[in-house]
Amino acid sequence: MAAASFQPLKCLLLWVFFVITPPVKAVPEPGIWTVPIGSGAGSLFFRKTLYNSTNIKVKLISPNCPTPVKLTVKWYLRSHRCYNQFTNLEEVLERHHTNLDTTDNFCKNVSKPDFCDKNEDKNIDCNKDMHALPTLKMSKLVPKISVNQSAGSKNPLNQMDFDIVARTYQDGPYLFVLQVKGDENVKWNLSVTVSMKGPHGFISASDWPLMIFYMVMCIMYILLALLWFIWSACYWKDLLRIQFWIAAVIFLGMLEKAVYYAEYQNTDNTGVSSHGLLIFAELISSIKRTLARLLVTIVSLGYGIIKPRLGAVMHRVVGMGVLYFVFAAVEGVMRIIGAKEYDLVLLAGIPLALLDSGLCWWIFVSLAQTMKTLKLRKNTVKYSLYRHFTNTLIFAILASIIFMIWRTKKFQLVDCQADWMELWVDDAYWRFLFFIILLVIMFLWRPSANNQRYAFTPLIDDSDDEVEEFLVTDHLAEGMKLRGTKPECNGAPKPPATNIDEDLKWVEENIPSSFADAALPVLMDSDEEIMMTKYEMSKIE
């Protein structure tokens, strides 16, 4: 009854762990943007969380001005406390009827009461003979704190860097707005390159802790892989099938973290994220998540523990795994290539959530049946193994519920997300919780000298075999009463003879007087053993 009482909790954990848990942040914030712009174009918006003393550069490249024209460039740098304040800036501008034609409109109506750094560069000549436009002048409104940069900074102040138009003065979310205007009657186009490089490189302030997290997790997975390899090498003759599954999950987890770290490091160095590398990382993550769910499923079914094989059920397990991988891969790729289309990402996640719900129910039913079978067989070793696994799931449930309450209170139920530096925890926590559960599973199913005690044994254990042998031996004489009878050729068979003397005579001829003398001769003491016993007794006397 105690095991059954924990089944709803285990089902809740699987729901939390497989359905409610948010995916890893799809794309790190870039540090360099190259955007084409032409006559009649609107304003360009760049959002990013930046460290103090981050240099913002703007370059006007590849000008194409068949007719000479004078351009006016305006830019605004605005810091804000709330991370989610400008997620829909276009709607805010439309609501305030602001088109950035004047500085007052933007800084008073939209940016008030926060700090708004602004500047403009007028009368920039552009004609068909120009290959590059002159550098823009730096804003005069630069806080003094930005001048004193640390000596160990990755991006020290360089007076010869004339492309810098602004510099941040504190850590936090920033909005950079750029507008290029010219004569409305003249056609022109060019490309704008905006770069934001801080003390740690091009990576954003919200992504840098996540990059360190992936590096640490990659090292931890490497250590786990080495430990599991040493364990398996020491007891390679007695390895169970489930231990090969665990090795595969460890390898995929190590590869996943390495690819994510490589992507974040590449973004930090180059300022541009690689969609190909991100898609590869998402595919690796989908394979790992699929294999982890299959591992939990076959463990709950008792594969290798109470069943030597799953038979036709294995086809259903593989089918569910293939479906899950397809849906997980589609959802992950949609988060990368269609990150701005939230509705499409949500639509891609619906089949995945439904499939996770089905897996949750299947695991719940199978795990309950497996523990019931072990309890009926009185197999204390295997039952204790599943009990420890249950306690691990209960711990994960409590940890998940506590974190979800904290996350909802911190990020969902507030109008202003001021604690933007803790956003990386929302992505890293579920990965770390998965790592902890995997670590416990490794410990429970670790290779050892007594590895086969967790393996499948036919119906009964050794202790039950001893009881069964005793029962068979004790009742062996009862089975020897049966004798062959000759069928009658004509009519109904004769009733058995009731002559007691004939029965007794048959018993005396076919059954020894002492059953022990015939059945257990090896238990009788030999003459030599009797003599040795008497000799030992005489020595004692």
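Just so you know, glycine gets a Cβ as well, placed from its N, Cα and C.
According to the topological domains annotated in Swiss-Prot, Tyr174 and Val414 fall on the same side of the membrane. According to Swiss-Prot, Cys82 forms a disulfide bond with Cys416, chosen from Cys360, Cys416. Across the structure, Cys416 (disulfide bond) and Cys65 (disulfide bond) place their CA atoms 44 angstrom apart. The glycosylation sites under consideration are Asn52, Asn189. Their Cβ neighbour counts within 10 Å are lowest for Asn189. One residue stands out among the disulfide-bonded residues Cys65, Cys82, Cys416 for having the most other Cβ atoms within 10 Å of its Cβ: Cys65.
Against the transmembrane segment (423-443), stretch 210-230 has more CB pairs under 8 A than any other of 210-230, 242-262, 317-337, 385-405.
Rounded to a whole number, the distance between the Cα atoms of Cys82 (disulfide bond) and Asn52 (N-linked glycosylation site) is 17 Å.
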